[in-house]
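Since the structure comes first, as structure tokens, the remarks are kept for the end.
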Amino acid sequence: MSSQNIFILGIESSCDDTAASVIHNGKILSNVIASQKIHEEFGGVVPELASRAHQQNIVPVVNQAIKKANITKEQLSAIAFTRGPGLMGSLLVGTSFAKSLAMGLNIPLIDVNHMQAHILAHFIDEEGFNKPPFPFLAMTISGGHTQIVKVSSYFDMEVLGETIDDAVGEAYDKSGKILGLGYPAGPEIDRLAQLGNPKAYSFTKPKVGGLNFSFSGLKTAILYFIQREVKVNPNFIKENINDICASIQFTIIGILIDKLKLASKQTGINHIAIGGGVSANSGIRHALKTGETKFDWITYVPKFEFTTDNAAMIAIVGYLKYLENDFSKQDVTASARLKI
Ligand code: KG4
Ligand code: ZN
């Protein structure tokens with residue numbers, strides 16, 4: 001396998017990050033990301049602004065990825081791009097760019113499912129990071145996704161459960177908004193949570209059957225709780241911010257771990273991998289480690305730069321598909337609601 005000399009350019013533009021990466025066989029040579037700061041002032045991603053920013057960023061980002069990899073465009077074996085799911089206007093920028101570049105260079109085009117890519121990021125060759133054996137369970141947790149997937153082989157994946165409303169990252173970000181924190185609030189809630197008492201306040205966990213998730217009720221419960229307390233003490237948030245964040249984090253992590261326990265019990269699989277921006281969370285990392293001793297889990301957390309939206313994960317899927325000669329036609333279209 002490694003005797004071949006395969007260079008894949010991966011392009012990611014599904015949400016608010018314009019990213020490009022070059023992979024040589026299984027090893028990442030470059031991983032460039034232009035994050036769009038513009039959305040911070042709106043407290044969330046604005047689709048029209050995202051697609052405009054992608055148009056401005058895509059050429060410099062791709063050029064930089066190729067330059068950093070120390071290769072020329074002509075050495076590329078194929079172009080992989082995110083076909084979906086994501087914001088249509090954002091996906092279209094990456095899709096049309098990838099198509100024209102592949103056509104211009106006369107090399108194959110490979111479409112990639114963003115959710116599969118979050119999972120297959122675990123197969124990037126990286127010192128100090130083990131690759132999970134099949135079958136394993138993958139939990140993707142970010143601002144856009146919350147899923148538990150049974151992964152039987154690279155491209156044999158089954159979604160066992162997913163959110164029926166908000167994603168877990170959204171639960172963090174919306175809670176942060178209620179508390180007057182900046183966007184995205186996840187990292188700040190995580191930081192403050194570590195200074196507070198997780199049992200200070202309790203929020204009821206949603207009752208959703210099976211392996212599905214729901215986070216919108218929790219957001220409402222937090223909103224009502226804060227409104228009630230602020231009526232009594234206008235300084236309630238300021239005076240108790242650490243305890244509030246710790247209690248929110250305790251509840252959210254509890255929900256995630258309960259579902260993982262159930263998934264592991266139902267499938268008999270104890271290899272558990274996570275991905276997506278929320279896997280940076282100290283609470284989930286700690287809970288997974290505890291699961292190793294408590295439930296005999298073997299857990300996998302990828303390198304941070306491969307957990308948030310990035311193009312290295314698109315490039316690794318491109319590489320795996322290349323090895324299987326699984327190429328796309330030029331008439332492939334972006335798909336906002338693409339399923340695993
Ligand atoms: O994967 P990502 O960069 O983008 C997508 O949403 O696809 O994830 C971003 C999300 C945001 O909601 C952010 O608040 C959350 O990940 N996040 C965190 C932490 N770091 C990022 N949530 C909790 N704790 C963190 N340490
Ligand atoms: Zn993502």
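Just so it is clear, glycine is given a Cβ too, placed from its N, Cα and C backbone atoms.
Per-residue pLDDT, averaged across the domain 'Gcp-like' (27-315), gives 95. Among the features that TrEMBL reports, domain 'Gcp-like' is placed at 27-315.
The secondary structure of D309 (Fe cation binding site), as reduced to three states from DSSP, is coil rather than helix or strand. Taken from TrEMBL, the feature Fe cation binding site covers H114, H118, D309.
Residues or ranges marked as substrate binding site by TrEMBL: T140, I141, S142, G143, G144, D173, G186, D190, N281. Sequence-distant contacts (6 or more apart, same chain, Cβ under 8 Å) of S142 (substrate binding site) comprise H118, A167, V168, G169, G275, G276, G277, V278, T308, D309.
When the binding-site residues H114, H118 are compared by the number of other C-beta atoms lying within 10 angstroms of their own C-beta, H114 comes out lowest.
T140 (substrate binding site) sits 11 Å from H114 (Fe cation binding site), taking the Cα positions as reference. With a cut-off of under 6 Å between the Cβ and any atom of ligand 1, the binding-site residues H114, H118, T140 reduce to an empty set.
A helical conformation is recorded for H114 (Fe cation binding site) in the three-state DSSP classification. For the pair formed by H114 (Fe cation binding site) and G186 (substrate binding site), distance between Cα atoms is given as 21 Å, rounded to the nearest Å.
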